[in-house]
Every structure is written in structure tokens, then in C-alpha cells.
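J.: Supplied in C-alpha cells, the structure appears directly below.
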Amino acid sequence: MLFGIFLLMYLTILMCNSTIMLITRTDPALQTPMYFFLSNLSFVEICYVTATIPRMLMDLCTQKGTIPLFSCAVQLSFVLMLGGMECLLLTVMAYDRYVAICNPLHYPLVMNNKVCVQLVAACWISIIPVVIGQTYQVFSLPYCGSNKINHYFCDIPPILKLACGDTFVNNLAVYVAAVAFFMVPSLLIIVSYGKIICNILKLSSAAGRSKAFSTCSSHLIVVVLFYGTATITYAQPKSNRSESMGKLLSLFYTILIPLLNPITYTLRNKDIMVALGKLQTNNSIKITGQCNVRYGLIASYDLLSADEQKFTTEKSNTSSLIEFVLLGFSDVPHLQWMLFGIFLLMYLTILMCNSTIMLITRIDSALQTPMYFFLSNFSFVEICYVTVTIPRMLMDLCTLKGNISIFACATQMCFILMLGGTECLLLTAMAYDRYVAICNPLHYSLVMNHRICTQLVAACWISVIPVVTGQTYQIFSLPFCGSNRINHFICDIPPVLKLACGDTFVNEIAVYIVAMVFVMVPFLLILVSYCKIIFSILKLSSAKGRAKAFSTCSSHLIVVVLFYGTAGITYLQPKPTQSERIGKLLSLFYTILIPTLNPIIYTLRNKDIMMALRKLLSKF
């Protein structure tokens, strides 16, 4: 019975939160900071329940609760990280409401897209190191006697009860973390709502007060429910903790509250209800519209006046554009030749450095390992990637023209997406290679043999090509009318979609799905790999061994953070808050600057490559 109930609740949580993420991304009326934060909260909710419920369902189904120590540590780490993240996001949402109600004139300036992205990023960056440190501290304790955790997931209080060492420091750390990530955010929320209520009560209009309260009520209900149960669970004295009551309260904040959150936000929010209505009617309109469009257009065209017919004909003619114009850096004409010189130098540096890496990994016998095989392939992808973008940009800077045919634009976009997706997958394969090398060193040569490595690289290419080709075809099958000026230096998806005059709903959904598959999923796999790597490294007794193990991963980790950071911000930010200038700047990062830095990072931080370089130079 419990299996059926929890499975139904889990599926409902996934469906409701995914729907909120979908409509806040696609509906123009919901492209505001409030809904951007709500979308992030829904994503955290999905991750949070996925860290606990599937494991619980498996235990209910198999009637076994056996869990390895490492899996328990990983689950605890994710539960704490996502729980803390939720607290910080609720605080950010309270601040957003405070600015909107108390400083409405400065709201667009204060809560711009850059600030919103920085706030969400700060929430993640601040919580991750604390949680990893606390999890390591808990699992470094000695455990003796019983190994039975009286809970349905790995949580701190029931695990600490099994420790036979002194848990004073750990209990103190739990309270410090609870104060930092629960009590401080709750105090900030209370202060925000204190100021909000004072400002609302000053409004003379009853309708104005009611409207202001309505924008906060959903958030306030969620805050009270979440903080109430979490505080009772973690802040009660150790001696008074009842295990049964602890499990019951945990059910509240791990299952019931994530289930209630989307319901609270939808039923009490007119904008979301309207967007849901649009989403439901959109498909039926499209189906009936496609069936009747031919006959409807003929019938309506017959009823048009001569002038209206002329206008319709002109409009249909303008929809079939022959070419686009890439504006590039035309807004800074006085810097054209300086930019030309800088980009040309960077392009030659990228070609030279990556070609050198490919050469030495091919000819040096010490570098004939899977790690350098993947690095060689990665360098090849980098060369292809910059060759698709920089030469075209240099030509435009040189000729001061940006004319590009639709076919050439589609080809460039297809190669950019294909090579970018392959880069994401290759970084994931490289993370897996490091995981096997550090966590299973005895099986490394068997698992990562040459055939497996070749298959992994081939899979990276084969999996991305059909998806990218289909997506490019879908985008360029749209009608383009009006302006043909692309405010960018490459044919990228966001600026091209802005010129489409048809319905881009399906295309935006496709972009979002592909970004999730080729950006978020590989990123999560890299994150899981490095969690396991870090735990394995920390178990090593030798300080030299730990330093050596970390040094083999550090270069890759830096590249991952740089690449995913800029690409994620570019493609996953809300549509109306996308600044064209910021978009171009971020694109410069992941199309030119990061490919320039990658070989430098891999050479300067790698002794084997530096030795191979010295050998190569001495041969010359």
C-alpha cells in the first residue's frame, strides 16, 4: 500500500514540477525573476525527491534495505545539499518579493537577469563545499555494533546514533550548518516579510493590498511548511528525539511538501493558471489549425479586399529571406582592426597548442594511455569548433560586411551544436576515465582498453549528429520575416529564433530538451563521478598519493567548470531576460577564450605533457 502511495506521489511531484518548469520557460507572461526562481525551485524539488523516493520504493519492493557505505554517504550529501539549496532559494524569492513590493520603480534594475543568475549560482556554490565537508566528517567516524539505520533514507541524526566514537564535534557542526543554512535564511525571510507587510499596510487601495498579498501568499505558505518541519526535525534536543516522530516529520519535508509546493503555486496564482490553460489549448489549436489552414486561408483570402490582398502577398514574399546579416561587432567600429588582431592571434594559438597536444599524444610512448587518447580527441574537437566560428568572424571584421546565406548560416549552426554537444560528451567520458583510474585502479587496464575508448568516442559523435541535424532543420523550416539582422557574430539558436515570425513554441521546447540531454545530464554524470573520485582520494592514507590523484583531475575539472558555466548560463536563462550583449560576451568565452585556455591548462598543470614537450623540442 505504501509502495503504491509513494509511487503515485513521486510521479505527481515529477509531473507538476516539470510542468511549472515548462510553462515558466515558454510562456512570455511568466518571463520574470519571480518565475525564474520558481522554475529553479521546481528543479531542486525534482532532484530532492529523486535522491530519496526511488531508493525507498526499491526497499519497499524488495523488502531489503541494504545500502553500501558509499551510497549512503552520496545520498546524505545530496539530501543535505538540495535541502540547503531549497532554503537559500526560498530566501532569494523572499528578497525578490521585497524588492518588487517595497522598491517597485527600481525592480527591473535591481533584479535584472545577471543578478538573478548570480543569486542562483551563489546558492549552489555556497552550499556544495559545506555539505561535502560535513558528509566526510560524519563518515570518517568509527561505526561499530549495530548497522541498522531506523529511517528510510540516510539522514544525519539516525547515522550519528550508530557511531561509537565521540560525536561532539559532528553534533556541533550539524548545529552550525543548521544555523547558517536554516536559521539565518529564515531570519532574512522574516525581516523581508516584516518590511513587505509594513509597505502593504501603507497602501490606501484595498484592491492594491489584496494584489500585493496574493503575490506573496503562496511563497509564505511554502516557507512555513518547509521551515516548520525541518526546524522541528533538526533543532530539537538530542535526548528528546523520537525515531518514529523523526521518520514522520521527514516524510513531510521529503515527500508531502514537494507534492504541495506546485499545487500551492498553481492554485493560488492566476498567471500560472492562465499559462496552464494556454498550454492545454495550444495543442488542440495546432491540430485543428493544421487540418483547416489550407481551406481556411483560401476562403479568407477570397473575402479580402484588393488592398488587403496586396498586403498579404507582400508579407508572404518577405517571409522567404535569402540571407541574414551578422552584426557582430558593428556597434564598436573603432575597435574592428584591434579585435581582428586579437582574434587572429587567439585562433593561431588555439590551432598551434591543440595541434601540439595531438602530435605529442600520438608520438610519445609515455602518453599512450586512455586519458591522453581522450585529450587528443578533445583537442581535435576544439580545433574544428573554432574553425567553424573564428574564420567567418575575421572575414566579417575585415570586410565590414556580415552577409551570410541561409544555407551557410544553417551549416554553421549545425556544426556549432554538433561540436559543442560532442565536447560535452567527451568531457563526461574523460570524467568516467578518471573515475575508473582512481576508484578501480586494478581493473583500469581491463575496463578502459583501446576498443572501449574508441567506442566511447564514436558514441559521442554518433549520438549527437542526428539530434543536431533534426534541430537545425526544425529551426530553419520556420518562416523568417521582417528584419534579417542577427545581433551576434555567429549563427546561434537564441538570436536566430528572435527573427522567426512563426510560432517558436515547439522549437524552444526542443532547445530546452536538447540542452537538458547534452548539457545537464552529462554535467550530472560528471558531478557523480567526481563525488566518487573525491571520496576515494580522501580514503588514501598518503598525502603524496592524494596530491597525485588530485593533480590528474584538476585540469579536467577546471575545463568542465569553465565550459559548463558559460554554456549553461547562455542556453538555460529565461528567454525575455536574455541580453544580446551579455549573450555575445558569454559566446566569446566558450567559442574563443575557453578553447584558448584549455590546452594551456592541460599543459601547465600536467607534468607528463610538459616532459613530452621538452622531448619534442630537444628532437628539433
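A Cβ is built for glycine as well, from the same backbone N, Cα and C atoms used for every other residue.
Keep in mind the model is a prediction, meaning the values are calculated, not measured.
Just lifted these from TrEMBL, have a look:
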{"type": "TRANSMEM", "residues": "6-23", "note": "transmembrane segment"}
{"type": "DOMAIN", "residues": "16-265", "note": "domain 'G-protein coupled receptors family 1 profile'"}
{"type": "TRANSMEM", "residues": "35-53", "note": "transmembrane segment"}
{"type": "TRANSMEM", "residues": "73-95", "note": "transmembrane segment"}
{"type": "TRANSMEM", "residues": "115-132", "note": "transmembrane segment"}
{"type": "TRANSMEM", "residues": "172-191", "note": "transmembrane segment"}
{"type": "TRANSMEM", "residues": "248-267", "note": "transmembrane segment"}
{"type": "TRANSMEM", "residues": "337-360", "note": "transmembrane segment"}
{"type": "DOMAIN", "residues": "353-602", "note": "domain 'G-protein coupled receptors family 1 profile'"}
{"type": "TRANSMEM", "residues": "372-394", "note": "transmembrane segment"}
{"type": "TRANSMEM", "residues": "406-432", "note": "transmembrane segment"}
{"type": "TRANSMEM", "residues": "509-528", "note": "transmembrane segment"}
{"type": "TRANSMEM", "residues": "549-573", "note": "transmembrane segment"}
{"type": "TRANSMEM", "residues": "585-604", "note": "transmembrane segment"}
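Could you place the listed features in the three-dimensional structure?
T.: Regional average pLDDT for the domain 'G-protein coupled receptors family 1 profile' (16-265) in the model is 82.
Panel annotation: around the transmembrane segment (73-95), residues 34, 37-38, 40-41, 44-45, 47-48, 51-52, 55, 67, 119-120, 122-124, 126-128, 130-132, 134-135, 138-139, 153-156, 159, 177, 181-182, 185-186, 188-189, 192-193, 219, 222-223, 226-227, 230, 253-254, 528, 531-532, 535 of the same chain, lying at least six beyond its termini, place a Cβ under 8 Å from a Cβ of the stretch.
Listed as Cβ neighbours of the transmembrane segment (248-267) (distance under 8 Å, sequence separation of 6 or more from its ends, same chain) are residues 6, 9-10, 12-13, 16-17, 19-20, 38, 41-42, 45, 48-49, 52-53, 79, 83, 151-153, 155, 218, 221-222, 225-226, 229-230, 232-233, 273, 276.
If you look at the transmembrane segment (337-360), the same-chain residues 6 or more away from its ends with a CB under 8 A from one of its CBs are 329, 367, 375-376, 379-380, 382-383, 386, 390-391, 393-394, 397-398, 592-593, 595-596, 598-600, 602-603, 609, 612-613, 616.
Distant neighbours of the transmembrane segment (406-432): 321-324, 371, 374-375, 377-378, 381-382, 384-385, 388-389, 392, 456-457, 459-461, 463-465, 467-469, 471-472, 475-476, 480, 486, 490-493, 496, 514, 518-519, 522-523, 525-526, 529-530, 556, 559-560, 563-564, 567, 590-591; these residues of the same chain sit at least 6 beyond its ends, with a Cβ under 8 Å from one of its Cβ atoms.
When Cβ-Cβ distances below 8 Å are used as the criterion, the transmembrane segment (509-528) is approached by residues 22, 25-26, 74, 417, 420-421, 424-425, 427-428, 431-432, 464, 467, 471, 474, 493, 497, 560, 564, 567-568, 571-572 of the same chain, each at least six residues removed from its ends.
For the transmembrane segment (585-604), the residues of the chain that approach it from at least six positions outside its boundaries are 343, 346-347, 349-350, 353-354, 356-357, 375, 378-379, 382, 385-386, 389-390, 416, 420, 488-490, 492, 555, 558-559, 562-563, 566-567, 569-570, 610, 613, judged by C-beta separation under 8 angstroms.
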J.: Residue list, the transmembrane segment (172-191) vs rest of chain: Cβ under 8 Å, 6 or more residues beyond ends.
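T.: Those are 80, 84, 87-88, 90-91, 94-95, 127, 130, 134, 137, 156, 160, 223, 227, 230-231, 234-235, in sequence order.
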J.: In terms of Cβ proximity under 8 Å, which residues at least six beyond the ends of the transmembrane segment (6-23) contact it?
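T.: Beyond its ends, the transmembrane segment (6-23) has Cβ neighbours at 30, 38-39, 42-43, 45-46, 49, 53-54, 56-57, 60, 255-256, 258-259, 261-263, 265-266, 272, 275-276, 279, 509, 512.
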